Amino acid sequence: MQKLHSFLYRLSRLSVWIFGAGYLAIALATTADVLMRWLFSISTPAVYEVSGYIFAVATTWGFAFVLFERAHVRIDVVYQALGPRLRALADLLALLALTLFVAVLTWRAWLTLDETLLFDSRARTALQTPLWIPQSLWLAGLAYFLLCLVFLSTYVLLLILRGRSAEVGTIAGIPHVAQHGGTAPGAAATRGGSAQ
Amino acid sequence: MKAMGFLAGLLALLALSLPVAAILGDIAIVMDQFWNNGRLQRTFGGFLWEKSNQYLLLSIPLFVLLGEINLRSGIAARMYDAVAKWIGWLPGGLMHANIGASTIFAATSGSSVATSATIGTVAYPEIARHGYSEPLFLGSIAAGGTLGILIPPSVTLIVYGVLTQTSVPELYMAGIVPGALLAALFSLTVLGLCLLRPGLSGSPVRASWADRLRALTDLVPPMVIFLGVIGTIYAGIATPTEAASIGVVLSLILSAANRTLNSRMLLASFEGTVRTTSMIMLIILAAMILNIVVGYFGAIQAATRMVGALGLEPWQLMALIVVFYLVIGMFMETFSMMLTTIGIVFPLVTSVGYDPVWFGVVVVLLMEAALITPPIGVNLFVVQGIRARGAPFRDVCIGAAPFLAAMLALIVLLIWQPGLATWLPDLFYAQ
Amino acid sequence: QESHDFAVVGTWGQLAHWMDRESVFWNETLPAASDGRLTATARPLTELGMDGTTVMRELRSGAFDFAHGVFLYVAADSPVIEGADLVGVTPDLATFRQVMDVYRPVLEGEFQRLFNSHILMLYAWPQTHLICNFPEDTPSEVDLSFFEGRHVRSFGASADEFITNSLGAVPVAVAFGEVLPSLERGALDCGATGVLSAYSGSWQQGTTHDLQVALGYTASFLAVNNDTWNALSDEDRALIEEQVALLEDQTWEATAREDAEGIACLSDGPCPRGEPGGLQQMTMTDAGREALRDSVETGVIGAWATRCEARSPGCAEAWNETIGALLGFEARP
Ligand code: NA
Ligand code: NA
């Protein structure tokens with residue numbers, strides 16, 4: 001289980017490197033387009049369209065990385081007062097609640113792709129991008145997130161059943177609390193930077 | 001009654017420490033399943049796609065990336081030192097530098113969390129070195145960081161502009177004077193407290209005039225980014241969303257000039273950017289999905305009717321709104337807060353004659369307050385996250401309280417003198 | 001007699017079509033006409049936070065029983081539907097109603113074939129104009145070449161085609177919320193929108209000229225999901241059809257009124273909705289109009305026909321037999 005955990009974690013990190021580079025590419029292409037438009041009245045609306053697709057795909061692939069980094073925001077007001085066993089249960093419950101939501105989303109996103117294939121939907125732009133291409137990648141990110149959620153829920157459940165609740169915190173707990181031995185509250189909001 | 005039950009359920013789920021996004025999404029699914037046979041769920045897939053490639057939200061990852069690069073390229077640390085040399089002699093010492101550096105950084109960054117994380121990382125080691133009272137020092141970082149969304153550029157103002165069809169450049173203009181005022185009020189707060197209780201003040205920073213003049217060159221990079229982002233908007237070269245891209249490219253160039261640009265630094269920036277963006281996007285998407293269900297059940301019309309029936313004077317309505325946001329701001333993340341409420345609140349406010357641009361500034365101030373009110377104050381968490389392990393969270397909350405008072409004072413001032421926000425955009429956009 | 005409570009999604013909550021007619025129809029007219037048996041939970045797009053691009057999918061899946069939708073917005077899912085409202089094809093509103101009438105069977109076929117739904121009514125919005133920010137000394141009558149190299153906001157494939165090939169201008173992608181600020185600051189020279197929504201969105205504050213050429217009429221529909229429709233009794237279906245026919249006439253009359261009002265409000269009035277906007281009305285020379293018409297046929301219509309034939313073979317012919325015959329255009333892929 002531990003090996004699979006680190007494999008899925010590393011795969012999500014790899015996707016983050018790829019899509020982080022995608023964000024950088026968006027910035028470079030947009031800046032180039034602004035300059036070309038300003039200086040030579042040449043514009044490439046396709047830059048905007050493709051940027052939107054990269055953004056959508058990068059977002060869903062990032063979800064799994066956020067999961068392994070334990071950075072999906074949770075409120076720890078009550079959590080910090082719990083003992084290790086109850087905390088492990090709270091962590092399991094948190095995973096299951098997220099799994100329910102993401103399962104519904106993934107199912108609905110799949111139906112959307114299915115309709116896109118049926119209608120042969122194309123973007124309403126000059127590029128006429130067949131929408132199944134970006135939508136497949138976008139759906140794959142969601143499906144990968146769902147897979148990781150199911151795996152992590154199972155892993156945590158097994159740990160609890162084997163009486164190893166204390167280990168749950170390091171893979172599914174709220175970071176500050178888990179690391180600080182319970183004295184320091186704070187949600188798992190940040191490291192580095194965030195956008196509120 | 002239904003609304004009370006809804007709120008109680010929300011709080012109970014929050015207390016269970018479920019992920020915020022899961023709570024919003026699951027509530028939407030359950031409500032739809034039980035009261036509507038799950039029909040609205042058929043809209044979720046198409047809706048999710050339509051929203052997740054929306055060009056305007058793209059400014060979120062771009063501003064986060066900009067902040068990540070500035071932090072890792074050393075631009076932020078040099079700028080902090082320069083500011084400290086200029087204003088660190090005041091009673092309160094580096095706490096003024098925290099606020100001053102946050103103000104300057106805010107002018108390059110669209111995000112409050114990026115601002116306090118950056119300044120906090122740079123400033124935290126100074127507490128021990130200069131013997132500061134920890135709570136107030138931490139509070140000045142948490143509060144200073146909130147300026148990130150009031151002083152342009154600002155992701156929050158972009159989202160407000162999109163949701164309410166208000167001009168983003170006008171909103172940016174409107175944020176400048178209140179932003180500078182709030183920074184001054186923060187500094188006055190530090191000054192006043194340190195004069196009252198000299199024990200709070202650490203050892204002041206001493207710098208010669210030669211030092212200070214030399215340090216000015218370290219303020220050039222943030223200035224370049226600010227001019228690149230804001231200047232291109234007002235010169236008619238770029239739209240507000242495009243301007244975020246220009247900021248990223250400028251920070252890359254500056255980082256290369258600093259010889260700090262390398263692949264390790266870029267990969268770390270990518271990780272930080274995706275972590276923050278995806279975390280926030282899941283909450284935003286869940287809040288939008290909940291909004292479909294809540295909107296379908298007519299909550300928006302009901303709330304409008306209810307408040308309309310109260311027959312309040314405009315100022316009473318505004319007071320009610322301020323109290324309402326302060327209370328929910330204690331518990332909610334700012335994006336979800338704005339997304340779930342603005343559709344109800346904005347039409348009410350404009351229907352009694354308040355200016356949309358002015359209200360945008362008030363809303364941002366209320367979001368800033370939410371960032372530093374416990375139990376859920378994202379900026380408080382950021383600062384707590386930077387500290388040594390085991391230190392009590394209480395310190396940060398207590399330290400931020402005086403700055404919260406300064407924010408409330410500014411809100412009252414804005415209600416009394418709306419011109420503080422509207423004067424600059426009116427000057428610039430006079431018909 | 002059975003009672004029904006329909007789920008309905010409308011257009012934009014802050015605009016006149018919803019406020020004055022769609023919401024009134026679902027909340028008052030239909031319940032009254034059916035003695036309270038046929039009611040609806042009807043919400044505008046804006047209250048649900050939706051954009052209107054997925055309406056065909058919502059009709060098909062039955063998320064809503066009835067839906068009001070805009071053709072241009074759902075063009076991604078069907079080029080046949082897009083063909084109802086190509087940029088620069090229809091000269092005036094009266095002709096546009098005829099266009100809708102002749103094309104209706106083609107549209108109904110598409111709604112049945114792909115989207116499991118039935119069209120109840122077709123309607124339009126006030127005409128779409130280019131609203132521009134030009135220097136004071138711009139002549140009031142211009143040629144087609146005047147637009148060469150100008151920055152015009154793009155809004156879809158057919159508009160891009162029009163901007164690039166008919167006007168010789170540069171299409172710029174700008175989110176709707178950023179159009180007005182971009183016009184004010186000069187990042188855009190022209191934006192296109194309905195004349196009345198331009199006025200209510202205060203576009204006159206950042207612009208100087210209103211080009212008097214109708215680019216389109218924002219063709220819209222009201223349709224019903226087949227499963228819902230088939231489950232109704234014959235009497236109920238007849239009742240709804242009868243009431244919708246009244247709504248359709250009302251709506252076309254209102255559009256004609258608002259069309260004239262929007263143009264007047266943007267210039268020197270009279271304007272019953274507030275201060276006149278003071279924009280200069282700009283027209284195109286006869287030669288310019290002629291050239292525009294030719295370029296639309298080879299550019300906008302031709303490009304659409306190519307797009308459409310690739311996905312729905314036979315659609316160009318269907319268009320030629322209906323809209324083409326009426327207006328004297330030919331769609332050649
Ligand atoms: Na800012
Ligand atoms: Na708070």
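Every residue gets a Cβ built from N, Cα and C, even glycine.
Taken from TrEMBL, the feature domain 'TRAP C4-dicarboxylate transport system permease DctM subunit' covers B:8-419.
Look at TrEMBL and you will find B:54-71 (among others) tagged as transmembrane segment. Listed by sequence, the residues of this chain that lie at least six past the ends of the transmembrane segment (B:54-71) yet keep a Cβ under 8 A from its Cβ atoms are 105, 108-111, 114-115, 117-118, 121, 153, 155, 158-159, 162, 222, 225, 240-241, 244-245, 247-248, 251-252, 255, 265, 268-270, 272-274, 276-277, 280-281, 284.
Here TrEMBL flags B:136-160 (among others) as transmembrane segment.
TrEMBL lists B:172-196 (among others) with the feature transmembrane segment.
Residues annotated as transmembrane segment in TrEMBL: B:216-237 (among others).
Look at TrEMBL and you will find B:282-300 (among others) tagged as transmembrane segment. Tertiary neighbourhood of the transmembrane segment (B:282-300): same-chain residues 3, 20-22, 24-25, 27-28, 31-32, 35-36, 40, 43-44, 47-48, 51-52, 57, 333, 335-336, 339-340, 343-344, selected by CB-CB distance under 8 Å and a gap of 6+ residues from either end.
Here the transmembrane segment (B:335-352) has Cβ contacts under 8 Å with residues 20, 24, 156, 159-160, 163-164, 280, 283-284, 286-288, 290-291, 294-295, 299-300, 303-304, 307-308, 314, 317-318, 321, 325, 328-329, 359, 363, 367, 370 of the same chain, all six or more residues outside its ends. The transmembrane segment feature in TrEMBL is assigned to B:335-352 (among others).
Here TrEMBL flags B:358-383 (among others) as transmembrane segment.
According to TrEMBL, the transmembrane segment annotation covers B:395-416 (among others).
Same-chain neighbours of the transmembrane segment (B:216-237): 66, 70, 75, 78-79, 81-83, 104-105, 107-108, 152-153, 169, 172, 243-244, 246-247, 250-251, 254, counting only residues six or more beyond its ends whose CB sits under 8 Å from a CB of the stretch. The list of residues near the transmembrane segment (B:136-160) in space but at least 6 beyond its ends in sequence, with Cβ under 8 angstroms from a Cβ of it, reads 56-57, 59-60, 63, 94-95, 98-99, 101-103, 105-117, 119-120, 123-124, 127, 166, 168, 171-173, 175-176, 178-180, 182-183, 186, 190, 193, 200, 202, 229-230, 240-241, 243-244, 247, 334-335, 338-339, 342, 360-361, 363-365, 367-368, 371-372, 377, 379-380, 382-383, 387, 395-396, 398-404, 406-407.
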